[in-house]
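Copied over from Swiss-Prot, here are the features:
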- 1-18: signal peptide (SIGNAL)
- 20-59: domain 'EGF-like 1' (DOMAIN)
- C24-C35: disulfide bond (DISULFID)
- S27: O-linked glycosylation site (CARBOHYD)
- C29-C47: disulfide bond (DISULFID)
- T34: O-linked glycosylation site (CARBOHYD)
- C49-C58: disulfide bond (DISULFID)
- N59: N-linked glycosylation site (CARBOHYD)
- 62-106: domain 'EGF-like 2' (DOMAIN)
- C66-C77: disulfide bond (DISULFID)
- C71-C94: disulfide bond (DISULFID)
- C96-C105: disulfide bond (DISULFID)
- 109-265: domain 'F5/8 type C 1' (DOMAIN)
- C109-C265: disulfide bond (DISULFID)
- N227: N-linked glycosylation site (CARBOHYD)
- C252-C256: disulfide bond (DISULFID)
- 270-427: domain 'F5/8 type C 2' (DOMAIN)
- C270-C427: disulfide bond (DISULFID)
Amino acid sequence: MPCPRLLAALFCSSGLFAASGDFCDSSLCLHGGTCLLNEDRTPPFYCLCPEGFTGLLCNETEHGPCFPNPCHNDAECQVTDDSHRGDVFIQYICKCPLGYVGIHCETTCTSPLGMQTGAIADSQISASSMHLGFMGLQRWAPELARLHQTGIVNAWTSGNYDKNPWIQVNLMRKMWVTGVVTQGASRAGSAEYLKTFKVAYSTDGRQFQFIQVAGRSGDKIFIGNVNNSGLKINLFDTPLETQYVRLVPIICHRGCTLRFELLGCELNGCTEPLGLKDNTIPNKQITASSYYKTWGLSAFSWFPYYARLDNQGKFNAWTAQTNSASEWLQIDLGSQKRVTGIITQGARDFGHIQYVAAYRVAYGDDGVTWTEYKDPGASESKIFPGNMDNNSHKKNIFETPFQARFVRIQPVAWHNRITLRVELLGC
């Protein structure tokens, strides 16, 4: 077959293709491009180029807002117009994979938000109804709907005559919510659980909208559990920026009985534990104004470095020597970090419940000069609400995060003795 004229003729004369005229025999396409025949046209072939390359032979680097891909974690970069985005990153958006958020999908966002640990308080959980069992003495109340809750009455169950049941959580501020983990329970010896459910959300607690099916109209129906004890994880196609999350049972096995956890992260995306619980921060970097010895015995000391969230053992927290507002616990982060929040926890001393009920936070870079945290526009340092028992987590997020190496916690109110286990959040 004679060579086509012009460009194809150049390839002919250069001997880059077989005598039979099959232009794809010589693998003309560069950078892993795929050669496809384009018979009866000029040129008689074309190259299907991999991402990032263009040109007749995939010999040119593709340019544009998505090349190279600015998105992280294998997110898809989508070219758009300036009117689609209101921020400085014009011409593209990043479509995040499940469990990631951020302008560039840079933040992993699947942390438990506090149902299981108690960081979400009982008062933040409400429902359309609840079941009253055993002559009204058993309250299957919404505040029991915590993942892995134990006991004879250990979950939320809707009322017998509730035709449109729901349970909701008020997160107290806008957060990213990326998924939910559900679990059933056993009631009167029988397994009960949600087989399917919907998820609604709201920013004001009054007007709710349901998560929709991706790419189609209609409310999304999530698949729930198949027994009373197993866990079912559902991640949302699109993260929710919301304050209220409502689970609406659709099909229930025997009764609408639920334990659950919400997954997500703070909007600022900088809420990773800074190293107290996992011992990344060494003992020598955790100090205090004093520490208590039960019965005055050194063997029964409540050292500062015991003040790690969820620490276990007979002596598993820091306790101050005196109940005085002059006492403090100090953490040296080792280098300057962005600190966005704190989680506190109390402990027991031979059966006596002890915790810090309120405290201030101070910070600095040299361990000598301190700045007490204040809310924006406030003239007085902020007093943070602390714990109400010895074991639950209490999370406080700083409205204005700060940069610091040293963080000091200053108790101002306590129950029995000043006792703390703690984790700092940030990045």
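Here the Cβ of each residue, glycine as well, is placed from N, Cα and C on the backbone.
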Count of other CB atoms lying within 10 Å of the CB belonging to C49 (disulfide bond): 21
Listed disulfide-bonded residues (C71, C94, C109, C256, C270), ranked by Cβ neighbours within 10 Å, top entry: C256
Spatial neighbours of N59 (N-linked glycosylation site) among the disulfide-bonded residues C35, C49, C66 [C-alpha, 10 Å]: C49
Assigned element (helix, strand, coil) containing C109 (disulfide bond), judged by DSSP: coil
Under 8 Å by Cβ from C58 (disulfide bond), counting only residues of that chain that are 6 or more apart: C29, L30, H31, G32, G33, C47, C49, P50
Residue among disulfide-bonded residues C77, C96, C256, C270 with Cα closest to the Cα of T34 (O-linked glycosylation site): C77
DSSP-derived structure type at C24 (disulfide bond), helix or strand or else coil: helix
